[in-house]
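One structure is given here, and the rest of the page talks about it.
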Amino acid sequence: MQTHDGKTAVAIIGSGNIGTDLMVKILRHGKHLRMGAFVGIDPESDGLKRAERMGVPTVSTGIEGLLSHPDFGSIGFVFDATSAGAHARHEQLLRPHGVRVIDLTPAAIGPFVVPAVNIEQHLDAPNVNMVTCGGQATIPMVAAVSRVVPVEYAEIVASISSRSAGPGTRANIDEFTETTSNAIVRVGGAQRGKAIIILNPAEPPLIMRDTVYCLVPGHADRQAIVESVERMASAVAAYVPGYRLKQTVQFDEFKGRMPQETGSAQAPRLKVSVFLEVEGAGHYLPSYAGNLDIMTSAALATAERIAARQPVAA
């Protein structure tokens, strides 16, 4: 639903790190979006207080307060930045109202969306899931390899600063691995996938670092893989400026067996290794929190793309 200025009003549920950073991004950079409501459950939270200072309508009674808010009818999008468990309930309550839902939890009720890979396939979905921070960073690389050559197995390792992992992130650790592993297959195109997350306690905090391993046929065109990876990195950096390749793509011959394989060793294969780092934009969160920045940036890019298709009110 759009106003005379052509912008769609949105609500954000979740006043923690991710929700607050997303709010700041929309206020500063929203092209087709404007803040309609910022929703939390703790009136003393930094996020709700910051929203009030920035002139954003706030709700401190959770989704029930949002649904009863006098301006709820003008809301076109709801971003859910709470937890996987809470999102299932939120989705049930929101669905009858017909608002579009952008899910930043690992609940995965709607289809997985990684903007650089598959956003055009899900522009009409009522609920889209942003996978996980590790998924947003690494699945584009798996997809970049799989569009050139079949990927038998892909494994991602996401290392994030422990300081950037708030209560929501820690509560969702188990869902992180399951959701990301599923998305490596369903979005990345790998035949099998595995995800590992590391909370790095180092001080001073280190920025997000990700490693992507893909197992491909030994005859794969290495140059084509490199070029595809570099193109994909540029596509992601278009909406996450701090996203970059840490070094050149690495290739190693792999002649052994995977843990689940039996019988004699397979024909020689290649292990493709891609090394990434993600530096945050520093809108609300420190620059080392690239894991949170990539989630909010991907969610914003997704909603902007969907909103851009909607007719402008006269």
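We number each residue from 1, going along the chain as drawn.
Backbone N, Cα and C define each Cβ position, glycine as well.
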Of Asn118, Asn291, residue recorded by Swiss-Prot at the NAD(+) site of Ser15, Gly16, Asn17, Ile18, Ser164, Ala165, Gly166, Pro167, Gly168, Thr169, Arg170, Ala171, Asn172: Asn291
Max pairwise CA distance, angstrom, over record-listed NAD(+) binders Ser15, Gly16, Asn17, Ile18, Ser164, Ala165, Gly166, Pro167, Gly168, Thr169, Arg170, Ala171, Asn172, Asn291: 17
Local Cβ density at Ser164 (NAD(+) binding site) - other Cβ atoms counted within 10 Å: 24
